[in-house]
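Database features, via TrEMBL:
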- 1-33: compositional bias 'Basic and acidic residues' (COMPBIAS)
- 1-51: region 'Disordered' (REGION)
- 96-169: domain 'Cation-transporting P-type ATPase N-terminal' (DOMAIN)
- 141-168: transmembrane segment (TRANSMEM)
- 180-199: transmembrane segment (TRANSMEM)
- 339-365: transmembrane segment (TRANSMEM)
- 377-404: transmembrane segment (TRANSMEM)
- 841-864: transmembrane segment (TRANSMEM)
- 870-890: transmembrane segment (TRANSMEM)
- 915-937: transmembrane segment (TRANSMEM)
- 974-991: transmembrane segment (TRANSMEM)
- 1012-1033: transmembrane segment (TRANSMEM)
- 1045-1061: transmembrane segment (TRANSMEM)
Amino acid sequence: MEKEDTSAPRIRYADDYEAHAAHGRERHQERRLSRASSVGSLSIHGTGGTRVVDPGSALPITYRTLSIEVDEGLQKKQDDVKHAKEKGAVDLSGLEWHTMSCDELYHRLSVSVSEGLSDELIQQRVGQYGKNKMTRPPSGLLGRVTGYLFGGFGSILLAAGILVFVAWRPLGNPPAEANLALACVLLAVWGIQAAFNAWQDWSSSRVMASIGTMLPDQCTVIRHCSHSSISAMDLVPGDIIVIKAGNKLPADVRFIEASSDAMFDRAILTGESEPVPASIDATEDNYLETHNIGLQGTHCISGSCLGVCVATGDSTIFGRIAKLTNEPKVGMTPLQKEIFRFVLIISIFITVVVVVIIVIWAAWLRKSYPDWIDVPLLIVSCVSCAVAFIPEGLPIALTTSLTITANIMRKNKILCKSLKTVETLGAVSIICSDKTGTLTKNKMVVTDIYAAGEEFTPEAARDMLAVFRSEHEAKSKHSEIRFQKREDVIDQVRILGSLCNSGEFDAASMHLPLFERKINGDATDQAVLRLSESLGSVMELKKQWKKMFEVAFNSKNKFMVRLMTPVSQSSSDKHTTLMIKGAPDILLPRCSSVLDSKGDVVPLTEAQSMRIEAIKDSWSSQGKRVILLAKKNTVLPFSTNQDKEVLVAARQGLTFVGLLGIVDPPRDEIPEVVRILRGASIRIFMVTGDFKLTAQAIAEECGIISNAALVDDLGALSRYDTKEGSDRTAIVLSGPELITLNENQWDQLCQYNEIVFARTTPEQKLRIVKELQSRDNIVGMTGDGVNDAPSLKAADIGIAMGSGSDIAIEAADMVLLDSFAAIVEAVQYGRLVYDNLKKTIVYLLPAGSFSELWPVVTNVAFGIPQILSSFLMIIICCLTDCVAAITLAYEQPESDVLTRPPRRPGKDRLVDTKLIFHAYFFVGLLQCFLSFTMSFWHMQRSGVPFTALWLKFGKYDAQYDPDFIQQKANEGSSVYFVTLVVMQLFNLLATRTRRLSIFQQPPIFNKGTQNLLLFPAMVFAIVVVFIFCYIPSLQITIGTTQIPVEYWFLPAAFGVALLMLDEARKWAVRTYPQGILARIAW
C-alpha cells in the first residue's frame, strides 16, 4: 500500500473507549476523514488534489443550488468563513442560547419537551420567522451576461468581426462590400451564440432545479406529544428535533439530551479536523465553539440527540456567514478541460499557419507579387481561415449534451451533484455495492423467531402469547390473590424488541394497519418494532419503562445497548436491566445463560450454543439477517466514563433471550442490472456488514455470484507470488480476513470477477476502495448508511440511495432517488456523452477545418484564386456545420454501448490519432479532393483550365481576361461550397454511429434509435445554400453565383459513396474485431 493508506480515515465508535479510554477524548480521531479522489479528473489520481464536499451542498438539501459546472472546493469556503466570523463577531456576540439553562430555554421558546409546539404557536412562528430557507444570493446578472457574450468562442468571433470591419474601412481601397457582409455575418453569429448561451443556461438551470426538488428533506420532530416527520422547510424556532447518526442538522439547535457517543462533524463550518462531542451544557463562551449548539449543515456521525431549534433560515450561523461571503468559483469539468486542450492545440496550429502565411506574404508575395494579396485581403483571409478552422459548434454541442443528459437523469430520478460525475461514470470499471437498501428492497420483515430451544413464526408467537394472556386473566378472576404475570420467553422477545430499539412510530400514521404505518428508523429496527407491536402495544410498554443510558448501534460494534428501568422503581434503587440487540457472532460468545421454556434463567450449555449457531447458519444461508436479543441485570454506571462502564458490562454474563430471522428480499430488477453491467465489462462486488453466509446467499440471488460451486475462500489466495489466476471467478471474504492480506494476495484478489466482502467495517470498506484504485481501476461505491460515508468519499464516484442517511447523500457524488436499476441508465448516458462529443468532433473537422484550410494555402503558396471564398468559409463553420453538429448531441445510445469495455482515462482520449486520421485523411481528404475537383472541372468547362491558374499569382496569360477568371473563380467557389455542404449531409448520417450500420441504428421510424432533428438540420443547410447562392442582391454583394443542377447531383453521388464506404469500414470493424481497420477505428 502507498504511504497515504496508512492515514486512512477513521470514524470514532463507542467501543473505541474499550481500547483507548486512557487517552481521553483527544484521540477520538487520529486521522481526518477526507477524499483524495478522481471525481475532479478522469484519471485515478486526479490533478485536482484533495476533494472535499462543497460548502454550498452542506446546506440542507432544500436550499442547495445546483449547477452543471459546480467545482467543489471546501478550502476557499473555510477561508471565507474565518473572515466572516471576524467580520460578523458583533452579530454573533448577542447569541446566548448556549449559556441559558434548559428550563430557561423552554420558557423563552414556550415549548415542552414531551409535547412539542402547539399548532397555534407553529402558525404564529411561521408568520414571524418565515420558512426555514435562505435568501437566494445575488444573481450576478452582469457576470452572466459577460459570459454569454464572451464565453466559448464569442471573443474570437467579436475580434474577427472587428478586424474584418477594419479591412472594409479604413483599409479597404476601395471598400469591398463582401468584407462588410462578412463582418455583419460574424457579428450576427456572435449575437446568436450569445443568445444560445443564455437560453442554454436558463434551460439547464431549470433542469437542475427540478432535480433538486426531488431530493428528500425530511426531519423528525416532536409535535402533539408524538414523533412526526416534516419537511425541513417547515421547521420553526422552538421545535424539538430528534437527531440520529447520519442526520444533517436542518437548522441551528441547542442540545437538551445527548447520548454519550454523540459526535458531530463540524468541519464544513469551523474547519475542525476532528468531530466534537455533543453536550448539554456550554463548553465555551464562543457560540461557534461550544459543544451544546448544533450548527445547521453539520452531521451527526454517531450517537443520538434531542435538540431545540433556536434559529432557522438566514438567522442560522450558516445564513449569517453566507451574507458575508462570495460563491465558490465555477470551474471546468474534466471533459471540458479535454475539449479545451483539443481546441488549444488546434488554435496553436492555426496560429502557426496564419503566422506562416503572413511571413510568406511579407517576405515574398508583397515584393514579388504586390497586386496579388493586399493588406485587407490578407486580414480577411487569415481571420476567415482561423475562424473556420476552430470548431465553433463544439462548446455548444458540449453544453447541449450535458443538458440533455441532465434531463435524462432527472427522468430516471438520478441526481448528479456535478455532471463531471456522469463523465467519470462512463469510465467506471468496478462498482462496489452495499447490500441493504441498495441491492435489497430495504423492506425488512421478521419471518422467524428462535427462543427457548424452539423456532416460531411471528403468527405462532402471537397466538401463543394470546393463550398465555388469557390464562393469566382466568387465574386472576378466580383467585383472591392477584397472580403476577408469568414472564414467558416470547414476551421477553417482545420487551427487548420494543425497548432496545431506536425506531419510533410516526404519530400521523398510527391509524393505519400495522404494516402500512411509517416508522422513523433504520430498516432492521422497523422490522423488529413491527414484530413487537404485533405481539402487544409498544406504546403501553414504553410507558412502563424509562431509558437510563444508550450506546447506539454502529457498523463497528454491530450491536445496540440500552439500560432500561421500570418507571415504578425508586430513584434510589440503582439496579437496571441491560438490553442488547445485535450480531449473533459478536454477542453469542458473551452469553453465559439462557431463558428456558419456563422463563427461568439457566446456564447456557455447549449443546445449546451449538444449536443456536446451527440455527443462525441455517437462516443466514437462506439470505436472512439474524439478530440476537439478550439482557443482563446490572447497575447504573457511576463513573465519569459511562460508555466504558456499560460496554465492559456487556462483554460477558449476558442472558440469551432469542434470535430473530429477518428477510430483506433483493430488488426484482437487480439480477438484470447485474447482467447488463457485467456485459458492459463492469465488475460488481458486494461490500456489506452482514454475516458471510447471508451475504453470499443474497449475492447468489442477485447474480453477483453466478456459480456457487466455484466460490473460493481465503485459502485460494497465496501469500507468495503466483502466476495462476486466469480461472479466478468468485470469492467470499470477511472483514477480519481482509486484515491479514498482503500485497500479493490483494493482487490476486483484484483479479476476481465476482467478490463478496462480508462483515466489513468502514475502515475496511475504505481499504477495499483504495486497493482497487491502486490497481488502475475506476471504482464506483454505492451505499446509504453512516458507515458508507468514508468509502463513498474515497471512491471515484460515490453513489448514495435517496432513502439513505444525510451524511451518505452528502458524501456521494450521485444520488439514485428511486432504484439501483437507474445506474444502468447513468452508465449508458455517461458513455453516450463521450460518444456524441467524439461524433461532433469527427463531423466538424473534415469540412470546417481541413477542407477550408487548403483553399487559403493554395492561394498563398501556389498563386491560384482562393477557390472557397472567406465569406462562404464562415457560413459553413458558423451555420451549416454548427447546426448539424448540435443535432448529434441528441443521438440515442448505440445498441452496443453497453457491450463495450469502459474507456480508460488518460489512455482513451476524446481526440486521439485514430479520430484525427479518420476526420482528416479518410473523410476530410475525400471531401477536399472532390470539392477541388468539382470546382476546377467547372472552371475548365467554362474555358479556364487549371494550367492557366497554377503559379500565376494574378499575372495570367494574355488570352485570359482577369475579370472573366474572377467571375469563374466565384462560380467555382460556389461549386466548392455546394459540394462540401452536400457531402457533409451524408457525412452526418455516417457519423451518427461509430460501429453500427445505419440500418442497425436507423435515424427514422424507430423510437429507440431515431434522431428526427437531423432532417431539419439538413433542410436548414440546403436553405442556407439557396439564400447565399440564389438571391441576386446577395450574389452581387458576396460574389456567389447560381450553379448548374449537375453540381448538386454529383456531390450527392459522392456523398452516397462516402456513406457506403463508411458502411463497409464499419462492417469490417464488426466482422473482424482484431483486424487492422478495427484497430485504427475511432
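Glycine is no exception: its Cβ is also placed from the backbone N, Cα and C atoms.
Values in this document were obtained by computation on a predicted structure and should not be read as measured data.
For the domain 'Cation-transporting P-type ATPase N-terminal' (96-169), the predicted model reports an average pLDDT of 84. Among the listed stretches 180-199, 377-404, 870-890, 915-937, 1012-1033, the one sharing the most Cβ pairs under 8 Å with the transmembrane segment (1045-1061) is 915-937. With DSSP states grouped into helix (H, G, I), strand (E, B) and coil, the domain 'Cation-transporting P-type ATPase N-terminal' (96-169) comes out at 44 helix, 3 strand, 27 coil. Through the fold, the transmembrane segment (180-199) approaches residues 144-145, 147-149, 151-154, 157-158, 160-162, 164-165, 168, 380, 384, 387, 392, 396, 399, 870-871, 874-875, 878-879, 1034, 1037-1038 of its own chain, all at least 6 residues removed from its boundaries and within a Cβ separation under 8 Å.
Taking Cβ pairs closer than 8 Å, the transmembrane segment (974-991) reaches residues 839, 842-843, 846-847, 851, 855, 867-869, 872, 875-876, 880-881, 884, 887-888, 923, 926-927, 930-932, 934-935, 938, 998, 1003, 1014, 1017-1018, 1021-1022, 1024-1025, 1028-1029, 1040-1043, 1047-1048, 1050-1052, 1054-1056, 1058-1059, 1062-1063 in its own chain, all 6 or more past its ends. Same-chain neighbours of the transmembrane segment (915-937): 838, 841-842, 845-847, 849-851, 854, 867-868, 946, 972-973, 975-976, 979-980, 983-984, 987, 990, 1047, 1050-1051, 1054, 1058, 1062, 1065, 1080-1082, counting only residues six or more beyond its ends whose CB sits under 8 Å from a CB of the stretch.
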